[in-house]
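Copied over from TrEMBL, here are the features:
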DOMAIN    B:9-522  domain 'Cytochrome oxidase subunit I profile'
TRANSMEM  B:27-48  transmembrane segment
TRANSMEM  B:68-93  transmembrane segment
TRANSMEM  B:105-128  transmembrane segment
TRANSMEM  B:242-262  transmembrane segment
TRANSMEM  B:274-296  transmembrane segment
TRANSMEM  B:308-332  transmembrane segment
TRANSMEM  B:344-366  transmembrane segment
TRANSMEM  B:378-398  transmembrane segment
TRANSMEM  B:419-438  transmembrane segment
TRANSMEM  B:458-482  transmembrane segment
TRANSMEM  B:554-572  transmembrane segment
TRANSMEM  B:584-604  transmembrane segment
Amino acid sequence: MAHESTSANPKVNYEYRRRKARDEMRGQVTSFAMMIFMTFIAFIIVIADFDKFYAFPVLLVLAGAQVVLQLYYFMHMSHKGHGTAALFLYSGALIAFVTILTFLTIVWW
Amino acid sequence: MSTVAEKRGFLAVLWDYLTTVDHKKIAILYLVSGGFFFLVGGIEAMLIRIQLAIPDNDFVSAGLYNELLTMHGTTMIFLAAMPLLFAFMNAVVPLQIGARDVAFPFLNSLGFWLFFFGGIFLNLSWFLGGAPDAGWTSYASLSLASPGHGIDFYVLGLQISGAGTLIAGINFLVTIINMRAPGMTYMRMPLFTWSTFVASALILFAFPPLTVGLFLMLFDRMFGANFFDVTMGGNTIIWEHLFWIFGHPEVYILILPAFGIFSDIISTFSKKRLFGYAAMVFATVLIGFLGFMVWAHHMFTTGLGPTANAIFAVATMAIAVPTGVKIFNWLLTMWGGSIRFTTPMLYAVAFIPSFVAGGVTGVMLASAAADYQYHDSYFVVAHFHYVIIGGVVLGLLAGTHFYWPKMFGTMLNETLGKITFWLFLIGFHGTFFIQHFLGLMGMPRRIWKFLPNQGLDLFNMISTVGAFFMALAVIVLLYNVVITQIKNVRVGNDPWGDGRTLEWAIPSPPPYYNFKQLPLVRGLDPLWIEKMEGRKEMTPAEPLGDIHMPNNSFIPFVMSLGLFIAAFGAMYQVDWRASDGADYVWSIPVLIIGMLITIGSMAVRSLKDDHGYHIHKEELMDDHDDKGGRE
């Protein structure tokens, strides 16, 4: 099949590349819209002066979601060949999380 | 071109080594400087043991004793064990995966010179007003109170050499991920490569906490901050956490490569493939992972509370499981194998019971309740020396004998090697086995002297005698190295005769481009597969073509030298400020000049393009006479 060529020449498999690029663009626009929306919610929460115990977790979750969208859609981690990078990223995040959890529970209690 | 050393002037050789970016030469640099620091740390250990040989001894003063024990630990961990492991990683890992060099040859050189200058800086403390004296852990409550510049030397020296280690770790990660030869899948990598990979990942995650801790300490001691000062609202325990978040993975950074060396040695000299290869890989990764979840077991007695102690105790004991998997796999590799007891194999066989002894006391120490009894006693000293010497140092000595022909093209004398082995093994157990009982009898660690007639006299004497056996073993090893290099009998590709992995498929030492054609890897133990099918060398995976090589560079040396100079400025500006600007007026200019040298050389490196050079196909074709001799 023609579209399996790995040539770097942009004229090879023009149709296939076009379709891929369109899908990519759709994903990016969607996630961009979602990120704007999440930022909007975050601002609302702060402006509306919600209770701290409600606002902090929601803000953190929204921030986390934005990081994931950023990594996967804008920094191309959803593409093939990023498995090792993802593995090291998550391992690092896990170790940092355990460290912070320990500090919060037994150092700064 | 021949790889056998040509007659060249001393200065030409020196310049070659100062500027080299070749992983094989950097390996030799690591081996020589790591070996030097090993001797320095060893001399410090001998002085400690002489002081403790008889009760109420006055061989060294109390202050000097504190400096000796601090520098012994710091030197052995940071400046001897790790660089020596890096020596073997550099010498062997690129060959084992069929690469022509590491991914970043320039960074490789930079990593070495940072380590080297950091180590020299740390050891200059002996001549510049006293060495650090707060133990290798340098707990903040002690070290903030330490007068003089000892701790400053520790902080700045480790900061510089730690940066080098971090660079080296990242370099190996990228090398192993990206530079494997065609067919070399992850699950076909030799165990030494696997353990290097996991150890490098541990370096990547463990060194940043150390860097942070050292920076906080640096600000506290040199710029008047109060991160660890309880009277000013700081928290001294945070140093302990940061140190051990680094310090515990550090233990695995040391032991995993040693496991890898032993795995390769045991399968080579048992003439069998490693038993349970996949389980070995999994166990290595699991040990690395769990290594980050257990650091607080060093701090059971700081009052973390029963819940935290219990969690960390259980996590610690869990590590015994993958370690046990490895022990049984080594035993089963030997089971039914055609075993040859060469010097490296003797070390490997002796390693198993020695390390298990260290592991068993490790599980004892992991029980938080019992640890209150063992804490800060000689039992702990005995435990970690069983793990570090019985595991890491035996691995380093085994690796020295095993990989010597690949690094230098000569074989160390086997008889002398076996004499070294027996002297060292007897000395090691003589020194440290008895310390378990000294600890249980109540002798605290890090004490300068003990009083007579408390039942400690005889055992301490035995321990000191054992230490002399180890010293003798090291002297025999050095003699062995010297006569081997003087005789200079060259060996071929596979001097042990049973080599299984790629490094034994090319000449010893390998030509500077390693592989003329990258090899095609068809399974685990690729050279063994070819041998079993009657071939003597690897099947090439590519036609003969030009090889792209990096240029030598002096910049890494200058970059590291700049930080070395800047460190003196950073340290003595404390005196400058204390004297209201009257003395040490040179300190701030020195700090600035040092940083300018470093930043300037970074700028040169960034702005000046260095595309390397090509070895042309024609030169490679003329180069057919460097095949190994012995088959």
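For all residues, glycine too, the Cβ spot is worked out from N, Cα and C.
Cβ atoms under 8 Å from those of the transmembrane segment (B:419-438) belong to residues 49, 343, 346-347, 350, 354, 357, 361, 377-379, 381-383, 385-386, 389-390, 394, 397, 456, 459-460, 462-474, 476-477, 480 of the same chain, restricted to positions at least 6 beyond its ends.
Proximity of distant same-chain residues to the transmembrane segment (B:458-482), defined by a Cβ-Cβ separation under 8 Å and at least 6 residues beyond the stretch ends, is recorded for 39, 42, 45-46, 49-50, 52-55, 397, 400, 412-413, 416-417, 419-421, 423-424, 426-432, 434-435, 437-438, 441, 450. In summary, the transmembrane segment (B:378-398) lies against the transmembrane segment (B:68-93): three or more C-beta pairs, each 6 or more positions apart in sequence, are under 8 Å.
The stretches the transmembrane segment (B:105-128) and the transmembrane segment (B:584-604) are not in mutual contact, being linked by fewer than three Cβ pairs under 8 Å (pairs 6 or more apart in sequence). Across the domain 'Cytochrome oxidase subunit I profile' (B:9-522), the prediction's mean pLDDT works out to 95.
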